[in-house]
Amino acid sequence: MRCYWLAAAVAGLSLWASCCVDEARGQPTRQDVNGLALNYYTKNTNCTRAETNIRNLVRAAWELDPSITAALLRLVYSDCFVTGCDGSILLDGERSEKMADQNQGLRGFELIDNIKQEMESKCPGIVSCSDILHLAARDAVSMAGGWNYPVFTGRRDGTTSNVSDVDLPPPTISWDDAVAYFSSRNLDVLDLGTLLGAHTMGVANCHYVHYRIYNYNNTGLPDATMDCRFARQLAATCPYKPRRNRPEPAVFLNPTTGASYNFSNSYYANVLSNEGVLGIDQQLTTSRDGVRIAEEYTRSFKDFRRFFANSMNRMGRIGVLTGKLGEIRPNCRFTRANFPH
């Protein structure tokens, strides 16, 4: 076991042992414990340019719409935390995962479709939809200012997708419950505090923050942990009474970067200033662990980028299918059995 910088940076962290990590946690090894590997397509298939081709397609999409980074990160989370990182969120169907209330507003499906079509034209039946999703998210993060981190690949695609399996928690979840939820997926408090940093970009519809502005815990008052000036700023976009016959407005999860969709550590500075948008964002400051993580990442963007990459790879191991499990879909919206030839 090796203790990396964070062991010192968060000395006193109640889950300090989670910061003493093996090589797979602190520095990726070539072969992952879940059967995944770095450079899987280069070393094990004839689709040696898969990652390069995917990156080119992501760049074209990102240059047209940089918000695709936030969309892809949400897709990865929505996929991995339900039945594992098996691409089940991509499957169509009246009762598929994408139909769950928690998944309304998901975007990025068309980009994944385009990439899959390109992969099938160059090397059919080799590159999985689940790997495409993780590689595309990595590429978009790096284009937005994050690290171009190595991604473990070799996933295969799941063959089922059921709305009843979706148990993604609401943004009102408490810190302790969020820690428990992550723990149920073999992720720890460091992963939670780090992956919340994905909220450095993206938007949230007003109904997710309305209660914090106007009626926190049925008090008829704003959330006392929210900066008053910031509460007024949110209220200007999210009125008490929704405007009739108008689309629901949305607020940026990180007003500092806003429409630029830059990957930065300013999210953590905002939270420490009591300017977290979602309830779970501000919950970061309700525990000693969360505060120490936020303070460290506010001090060092380099550390945030590095450990965000680590936690993305750790999340990317949840419930993966490898070897002869699952399948390689010809189309990410359909299983092989349901593919409309």
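Backbone N, Cα and C atoms are what each Cβ position is placed from, and that goes for glycine too.
Site annotation (TrEMBL): Ca(2+) 1 is bound by D79, V82, G84, D86, S88, and the candidate from E94, E97 recorded at this site is E97. For C123, the disulfide partner named by TrEMBL among C47, C80, C85, C206 is C47.
Candidates considered were C206, C228; TrEMBL assigns the disulfide partner of C238 as C206. Within the same chain, the residues at least 6 positions away from V82 (Ca(2+) 1 binding site) whose Cβ sits under 8 Å from its Cβ are S88, I89, E97, D165, V166, D167, L168, listed in sequence order. In sequence order, C85, D86, G87, S88, I89, L90, E97, S130, L133 constitute the residues six or more apart from D79 (Ca(2+) 1 binding site) in its chain with CB-CB distances below 8 Å.
Cα distances from C129 (disulfide bond) to the binding-site residues G84, P169, H199 are smallest for G84.
The residues near the Ca(2+) 1 site, meaning same-chain residues not in D79, V82, G84, D86, S88, E97 whose C-beta sits within 8 angstroms of the mean position of the site's C-beta atoms, are S78, C80, T83, C85, G87, I89, G158, S161, D165, G319, in sequence order. For C206 (disulfide bond), the spatially nearest entry among the binding-site residues G84, P169, H199 is H199, judged by CA separation.
Confidence over the domain 'Plant heme peroxidase family profile' (35-336), given as mean pLDDT on the 0 to 100 scale, stands at 97.
Calculated from their C-alpha atoms, the gap between C123 (disulfide bond) and G84 (Ca(2+) 1 binding site) amounts to 25 Å.
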